[in-house]
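J.: In case it's useful when we look at the structure, here is the feature table from TrEMBL:
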type	residues	note
DOMAIN	A:1-108	domain 'NADH:ubiquinone oxidoreductase chain 4 N-terminal'
DOMAIN	A:112-402	domain 'NADH:quinone oxidoreductase/Mrp antiporter transmembrane'
TRANSMEM	A:116-133	transmembrane segment
TRANSMEM	A:145-168	transmembrane segment
TRANSMEM	A:188-209	transmembrane segment
TRANSMEM	A:230-251	transmembrane segment
TRANSMEM	A:257-278	transmembrane segment
TRANSMEM	A:285-303	transmembrane segment
TRANSMEM	A:309-329	transmembrane segment
TRANSMEM	A:341-361	transmembrane segment
TRANSMEM	A:381-412	transmembrane segment
Amino acid sequence: MLKIIIPTTMLLPLTLLSPPKHMWTNITLHSFLIASISLQWLTPTYYPNKGLTPWTSIDQISSPLLVLSCWLLPLMFMASQNHLEQEPTTRKRIFTSTIILAQTSILLAFSASELMLFYIAFEATLIPTLILITRWGSQPERLNAGIYLLFYTLASSLPLLIAILHLQNQIGTLYLPMLKLSHPTLNNSWSGLIASLALLLAFMVKAPLYGLHLWLPKAHVEAPIAGSMLLAALLLKLGGYGIMRITILVNPPSNNLHYPFITLALWGALMTSAICLRQIDLKSLIAYSSVSHMGLVVAATMIQTQWAFSGAMILMISHGLTSSMLFCLANTNYERTHSRILLLTRGLQPLLPLMATWWLLANLTNMALPPTTNLMAELTIVIALFNWSSLTIILTGTAILLTASYTLYMLMMTQRGTLPSHITSIQNSSTREHLLMALHMIPMMLLILKPELISGVPM
Amino acid sequence: MAQTLRDQLPASGSGGRGWVPPGTHPDPRPPDEADVVVVGGGVVGWSVAYWLKVLEGWRRRHGMKVLVVERDPMYSRASTVLSAGGIRQQFSLRENIQMSRFSASFLRDINKYLGVPNEPPIDIQFQPSGYLFLASPQNAAALEATVKVQRDEGAQVTLLSPTQLKEKFPWMNTEDVAVASYGLEDEGWFDPWTLLNAFRRKAISLGVQSCSGEVRAFVTSANHMLPSAPPSARIRYAHVYMPDSLEYQPVACAIVVNAAGAWAGKLLEAEGLPRGLCQPPLPIQPRKRYVFTWHCPNGPGLSCPFVIDTSGAYFRRDGSAGNYLGGMSPPKEEEPDASDLSVDHGYFQEQVWPRLARRVPAFESLRVRGSWAGYYDYNTFDQNGVLGPHPRLENLFLAAGFSGHGLQHAPAAGRAVAELVVKGRYETLDLRRLGWDRLVAGEPLQEHGVV
């Protein structure tokens, strides 16, 4: 673990002290090196946890998410290069430092083996994200978006803090391997119910669950591209990961508590997919599609079966890569036309045919086309839910149908249709953008060949 | 006591916005970014903004961000509010007739289009008294030909002989008049200020933002490219300068609409637009025109139309108490200096009055009440509006140069530009001939009915 955390932390002096000419090269190269080292976490092991220490541990749920966050760091840097070009060097350094601070907190959060450390890292990711949105977003609405993000997350995580401290008092330890062995139970009383609600709510807001998702479209739309990638690919997964960790602690009140969550999650997947069909703003469409996919993740983690956890893990990783790629594509459009409105950035296939290929691939993975891992995930979750209750197939089936329809709508609107009258010649796609899309797509393609790596089954 | 306490509180801002910190600028600041920036807040600019939102459809509240930038919120020099407010279909160019007919039907149903719920209905005080063009024997054939074109397009215009004229308008002296054309329907005059405010109110209720400032510079994509002349460029930022200040806000924009009226040509000479791409320069200049009002107790009554004399002088009734307004466009050699809006009173005494008095004997005794001057956004090339996309600057659209008919063509021009942006082509009216191509090719589309 240290061989990843220390280099990531040392990226900070690297960005602050690099000569301006080499700053981007240094940062991107070194974070790629860290990403390649992080792949060693995916190797199989007999031990339940790799690298076990009193503070960090890596097991089959955290390793795919850790590799994803290490992989996305260089991609975030590459995506931000264009819109930061005009800024003075100091501001570029501060931007990259903010992302690196967020990255260290996320690495700590995913690898934490103690609940308190997990909570601290979970909260710590909030501050760099807030800075990214409110300082580098481009519309006046970003202040509103920052407030929504901050207060939704804080308000839901304070009860989490209280519940964790209470658990520490009761059980005596918050060390995850100990908790796995001792299986503490809560009382089946009102206080137990409130305690489990407190434990779950913060992650429900983060995931997000349908009724608590209002911060997400605002934050995703107003954030700069690196902020959007960070939010969509990593921070949402903190919610899913947190639910997976917490569920061992919330028995038996969760026997009754899971009903409203599963209902809201499945209904939300359907509703947000329908909302996507009505969106005018491209980034807002992609944000709502994130809510839809994460709704399936939340529903799966609440039923707590082996297949459901496995499906949720695969969906989190594939959605992280797909959603991040869609945001990068939307950003390439935005940088050229300065508009996110679908009406004004449409019919781009004749103008940018190579980028159209990436659009096609990203949209195909988004609507869970076989043989991508998105399909494996959605099928696993749908089957697990069907096993739990036959009626869920109606909701999940409709959600999948609507997902395919809004994805095709997005593809047709942005690529085909009437040629825009105000875009006759457009700046060509640069190699950096193609590299960005390729580096998103290659892991997705490779994982089709060996999905056990991300499926959360002990290897 | 409650009143005293209430007086202690600072005056709150407009109801919708809530409390604003004291010391903030009263006018709204331009945002960092807007999807469409409409330069010019006259009737054409607000019409474009309104139609953009309407054509967007059901998504309008959360859709495109349209920003209207107006440098003079008092409208002290804007052509819209200084206009005589007439609307006619009697043009010689088909597109002009079609635009006026569209605008006339728009104004008929103005409350359907521009009505805002819970607000009082709009009354533009339309006086349907018609236009009367008088033609001398040399111009009679041309007038009859244009009336035929107008009738083809569906305008209700009739030709009157001198005897019919005398019968209809006994106050007129018909010497030297061979034939006259009289508009029977959808012609007259209305209050331009009401129309402007109606467009503004409705557009703001549909979510259009406005700010006061002047667009004096642009940043285009050509600034980043190598000096070798690019074939085309995109406008990326419009620098909106604050009034009376050197501060400016670079507004990132996807589309810029030039609705700057008389100063549309000057806008295209703004800093930042690559010179090579702005050839040929837009030939729109401000031309000063005077309007005089007078009182004549024995003048023509309520049936008085908007009369355009064979000499070019024109007048119309203004209200019902014997007040009239009128003027004349000077010949090309005697153009007044357009740097300010001062009125030359001698012009009325020497040029306009004798001609009007010859045509209407009752006007020999009149009392001048007042006068003002306004600008025509005069297209020196062919006196017709320029509508459509710029050939080289990809995301610049033009809607200016109507040379005195801007007010009556505003609803149609706004809809045309909005259709270009939202749908990609003209749908209601085909105005492709009014595009920029005729300026590049050097083929004027002459309009013979410029008053």
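Just so you know, the numbers here start at 1 and follow the chain as drawn.
Using N, Cα and C of the backbone, Cβ positions are placed for all residues, glycine too.
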J.: If you average per-residue pLDDT over the domain 'NADH:ubiquinone oxidoreductase chain 4 N-terminal' (A:1-108), what number do you get?
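T.: Per the prediction, mean pLDDT sits at 92 for the domain 'NADH:ubiquinone oxidoreductase chain 4 N-terminal' (A:1-108).
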J.: Can you tell me which parts of the same chain pack against the transmembrane segment (A:188-209), counting only residues 6+ beyond its ends and a CB-CB cutoff under 8 A?
T.: 122, 152-153, 156-157, 159-160, 162-164, 166-167, 215-216, 235-236, 238-240, 242-243, 246, 249-250, 252-254, 256-257, 261, 264-265, 268, 291, 294-295, 297-298
J.: In the same chain, which residue numbers or ranges, 6 or more beyond the ends of the transmembrane segment (A:285-303), come under 8 angstroms Cβ to Cβ?
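T.: Residues 204, 207-210, 213, 216-217, 220-221, 232, 236, 239-240, 243-244, 247, 254, 258, 261-262, 265-266, 268-269, 272-273, 275-276, 279, 309, 311-312, 315-316, 319, 323, 326-327, 330, 342, 366, 378, 381, 384-385, 388, 392, 396, 399, 403, 406-407, 410.
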J.: Restricting to the same chain and to residues at least six past its boundaries, which positions have a Cβ under 8 Å from a Cβ of the transmembrane segment (A:381-412)?
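T.: Beyond its ends, the transmembrane segment (A:381-412) has Cβ neighbours at 262, 266-267, 269-270, 273-274, 276-277, 282, 285-286, 289, 292-293, 295-297, 299-300, 303, 305, 307-308, 311-312, 315, 342, 359-360, 363, 366-368.
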J.: Ranking A:116-133, A:230-251, A:257-278 by the number of C-beta pairs under 8 Å to the transmembrane segment (A:309-329), which range is first?
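T.: Highest pair count goes to A:230-251.
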J.: Checking distant contacts: for the transmembrane segment (A:230-251), what same-chain residues at least six beyond its ends satisfy Cβ-Cβ under 8 A?
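T.: Sequence-remote neighbours of the transmembrane segment (A:230-251) are 61-62, 65, 68-69, 72, 76, 99, 102, 106, 109-110, 115, 118, 122, 125, 129, 132, 167, 176, 179-180, 183-186, 196, 199-200, 202-208, 216, 219-220, 223, 257, 286-287, 290, 294, 297-298, 301-302, 304, 309, 312, 316, 320-321, 323-324, 327.
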J.: Counting each residue once, how many in the domain 'NADH:ubiquinone oxidoreductase chain 4 N-terminal' (A:1-108) are helix, strand and coil under DSSP?
T.: 78 helix, 3 strand, 27 coil
